[in-house]
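Have a look at the structure below, then the notes.
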Amino acid sequence: MSIDNNPFRVPMGQSHDYSETAVGTFIPGGRLVSAGRGYQWLVRGWEMFRTAPGTWIGIAVAFMLVVLTIGTIPIVNVGVNLLIPVFIGGISIGCRAIEEGEGIRFAHLFAGFVRHPGRLLLVGLLYLLALVVAAVVVALVATVTGVAAMLTVGREGADHLDSWVFVVSFLAMILVFAPLAMAVWLAPPLVLFHELSAYQAIKTSLLVALQNFPPFLVYVLLVLLASVLASLPLLLGWLLLLPVLYASLYAAYRDLFFAA
């Protein structure tokens, strides 16, 4: 097998100008789309998955094995959050290859380690630091809520307010962690294809996601439903769902940052 035809060779990002795209014009500040586009991102993800199901499943399995393996190692497991944007970036390059008629390869999973790995790792680091801060905020909210309930109704009465403490804590978690998810949602392709810094990519991703909250909400609700269905047949449905989700992230980026 020649080097050029080797499917396991990591694509060299320097050999292609990823700032250009086959279809559409890039909009630096993003654009507003309708709520129904959240469903279309998943549809587009499915279409991209169908171009090479075996390769996509291999990518998903390898990705999860890396994440789970590192996650079992004490101290080192915090590095999972650093690596996720790098892998998502590599998958984004694979999705771009599909658009350009080249097709996705297994090696695309590692392409993020070739093109702007430092910026992608910094995206992960900023996300990790934000997670720590968010966890502290949620813990403080839960503690303050519990203490306030106890002081207000007494120890015996507070036992009956456990459900309210849980609800408040859960809402606080959603309000804190949802923006974090939005902040890193679109960051990897912005770093790779448009030369944004990690901070600029995270900021842009957050602003565009907030402006498009309706389609983002539709997307999240559909993903939650699909997650339940994928878990029913001995979790085997995740072999299909994960690749579709990875591709749908790229579909969302293309939809939100490009004029048709």
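Here the Cβ of each residue, glycine as well, is placed from N, Cα and C on the backbone.
No curator has checked TrEMBL annotations; they are predicted automatically.
The annotation transmembrane segment is assigned in TrEMBL to 54-76 (among others).
Annotated transmembrane segment per TrEMBL: 120-144 (among others), in sequence order.
Feature annotation from TrEMBL assigns transmembrane segment to 164-193 (among others).
Within the chain carrying the transmembrane segment (205-229), a Cβ under 8 angstroms from the stretch's Cβ atoms is held by residues 29-30, 32-39, 41-42, 179, 182-187, 190, 237, 241, 245, 248, 252, 256-257, all 6 or more beyond its ends. The transmembrane segment annotation in TrEMBL covers 205-229 (among others).
For 235-253 (among others), the entry in TrEMBL reads transmembrane segment.
Residues 48, 83-84, 87, 91, 94, 104-106, 108-109, 238-240, 242-243, 246-247 of the same chain lie 6+ residues outside the transmembrane segment (54-76) yet bring a C-beta within less than 8 angstroms of a C-beta in it. Within the same chain, residues 78, 81-86, 89, 112, 165, 168-169, 172-173, 176-177, 180, 183-184, 187-188, 191-192, 198-199, 201-202 sit at least 6 positions outside the transmembrane segment (120-144) and bring their C-beta atoms closer than 8 Å to a C-beta of that stretch.
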